[in-house]
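Colleague: Quick one: this structure, given as C-alpha cells, is what I'll be asking you about.
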Amino acid sequence: MGGPRTGAPVAALAAVMVLTLLGALDQTLLTAALAVIARDLGQPHLVSAVLTAFLAATTSTMLLSGALGDRHGRRPVLLGAITVFVTGAAVCAFAPSLPVLIGGRFLQGLGAGALVVGAQAALGDVLSPRERGRYLGLLGAVYALAAVGGPVLGGLAVDHLTWRAVFAVHLPLGVLAAVLVVRGLPRGGTRTDRPFDVAGSVALAVLSLSVVLGGTALGRPGELPSWLGPATAAAGAAAVLGWWVSARRAPAPVLPIRLLTGRATGIPALVSLLTGAALFGTIAFLPAAVQIVHGISATSAGSTVTAAMAGMIITSTLSGRRITRTGRYRAIPVVGGTACAAALGALAVLGPGAPLPLLLAVLFLLGAGAGMVVQVMVLVAQNAAGPDELGSVTGTVTCLRQIGATLGVVIIGALLTGRGGSLLDPATAGHAVQAGTAVLAVAAGIAALSCLAVPAVPLRTRPAGTAARRDSAGAARHGLAGVTRPGHAPAPPGTAGATPPGPTGEAHPGHAGAAPTSPDGRTPR
C-alpha cells in the first residue's frame, strides 16, 4: 500500500480516532430517546427496530468493507462510508415517520460498520504492530467512552432540545473525518486482476443479518412474527454453505477459510466472539435488573455500565502501552479473560440484589478484563496478516465480536423469557441474570484458555504497507520475484521481519531468523 505523506501519521491517527468515535457513538446514542421517539412518531411496537436496524447493518458490512479496503485502499472506502453514514443521519433528522427513521438508521449502520473496521485497519497502513499496540489501546478507550457517552448525549438532547438534534452532531464530525482521511491516509490498495468475490460477500452479509435478526426474534418472542426465527436460521445455514463453496472456489475469497482455521487469526476471532458475548450480554440486562431489584433510578442503575467501561478504558490504554514498550502480549489477554470469568462468576453467585458498591467493583473488574482482551486480539490477528488481507482479518475479528454481543444478549433474554417472567419482576430478573452470567462466565473461561494457544510471534516493527514494498524490492534484487505464498509479498531468505507470519502462525520464507522485537531478545509472552 502507498505510504502516508510527510506529516500524515498525525492526521491519520486523528482520522482513526474520529472515525471510531463516529462509528461507536451511534450504537448507544438513541437508547435514552426511544420513549420520546415512540411518542412523537407513533407505532411504539416498532421502536426497538431503530436499534436493531443499526446493529444488523453494522454487522453486515464489517467483513465486506475490510476486504474492499484491502483491494481498493482505505481512503475511498472510508470516504464512501462517511457519505453513507452522514446521509443516513440526515434522513433520521428529518424522518416524518418511524419506518423512515428505521431506514435512516439502517443506512447509518451500513456506514458505521465500515468506519469501525476501516479505522482499525488503517492503523496497519501507517504503524507497525508493535507501535500499533498503544493506539489500538486508545481506540478501545474511545470505543468504551462512546458507549458511555452516547446515552448521556442523547439524554441531554432529548431534555433540552429534541431527539432530532442527536443527528445534527454527525455533519460536522463527518466533514472533519473526511478531511482527516484525505489528509492522512494513503490512497493505497492491493491492485489485483482477480475478480471480486461477490458470492462470498453476499453470503457473509446474509449470515450477519440472519444472526442479528434471529437473535432479536429469540430475545423477544411474541413481539415479532413467529416465522422470523426459523426463516433466519434457514437463511443463515444457506449463507454458511454459500460462503464455504465460494471460499473454496473463488480466486480471491472475501474471507479465506484459513483465516478461521489458522491459530494466529482463528483463535483471536473465537476469543473475540466469546468476549463480546460475555461483556455485552451482561451490561445489556444488568442495569435494568439492578434498577428493579434495588428500586433505584435509571441513572443510578446505569452507573453499572459506567463502572465496566471505566475499567475497560484504563486497562485498554495501559495494556496497549505495555505492548508497545515491551513487545510482549501473550499474558495480557490470558489475565484479562480470567478476570472476566471471575467477575461473571461472582455476578452469578451475588445476583443483581448484591450491595451496589460490590456490584460496581465486580463490573469494573469485568470491564478491566475485557480491556485486556478486545483490542489485543485485533493486534494479534493483524500481526499475522499480509498487507493484502489486513482489512479482512480486522473485519473478521470485529464482526465476530459484534455477533458475540448479539448472542450474549440472546442467552440472557432467552433465560428470562423461558422463566415466563420479565425485567419488571425482581425475582425472575434476578434469577435470569444469575443463570445467564453463569453461562457467560464459562464462555469467558474458554476465551482465557484459548488465549494460551495464541502463537508467540514477534511483533513486526514496520507497517504492513512498508514491509510489502521493502520485501518486493528485496525479492527483485535477489531474483526471487514470484517465489511467495499466495496473497503475501515475496521476501529474500533471511530478511529479518520481512514477511508477517501466516494465519497458521508459521513463518514464511523471509521471516525465518527474524530477530525478536522484545528489548531483551526473547519471544513475546
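From the backbone N, Cα and C atoms, a Cβ is placed for every residue, glycine too.
Sharing the features that TrEMBL gives for it:
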type	residues	note
COMPBIAS	494-517	compositional bias 'Low complexity'
DOMAIN	12-462	domain 'Major facilitator superfamily (MFS) profile'
REGION	465-525	region 'Disordered'
TRANSMEM	45-65	transmembrane segment
TRANSMEM	77-96	transmembrane segment
TRANSMEM	102-123	transmembrane segment
TRANSMEM	135-157	transmembrane segment
TRANSMEM	163-186	transmembrane segment
TRANSMEM	198-218	transmembrane segment
TRANSMEM	224-245	transmembrane segment
TRANSMEM	266-290	transmembrane segment
TRANSMEM	296-319	transmembrane segment
TRANSMEM	331-350	transmembrane segment
TRANSMEM	393-416	transmembrane segment
TRANSMEM	436-459	transmembrane segment
Colleague: When you check the transmembrane segment (198-218) against the transmembrane segment (45-65), do you get at least 3 Cβ pairs under 8 Å, counting only pairs 6 or more apart in sequence?
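Modeller: Yes, these stretches are in contact.
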Colleague: When you scan the chain for residues with a C-beta under 8 Å from the transmembrane segment (331-350), skipping those not six or more beyond its ends, what do you find?
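Modeller: Residues packing against the transmembrane segment (331-350) from afar: 271, 275, 278-279, 282, 286, 315, 319, 322-323, 358-359, 362-363, 365-366, 368-373, 376-377, 380, 433-435, 437-438, 440-442, 444-445, 447-452, 454, 525.
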Colleague: Does the chain bring the transmembrane segment (163-186) near the transmembrane segment (45-65), so that three or more CB pairs sit under 8 Å (pairs 6 or more apart in sequence)?
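Modeller: In this chain the transmembrane segment (163-186) does not contact the transmembrane segment (45-65) - fewer than 3 Cβ pairs sit under 8 Å.
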Colleague: So which of 45-65, 77-96, 436-459 has the most C-beta pairs under 8 Å when paired with the transmembrane segment (393-416)?
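Modeller: Comparing 45-65, 77-96, 436-459 against the transmembrane segment (393-416), the winner is 45-65.
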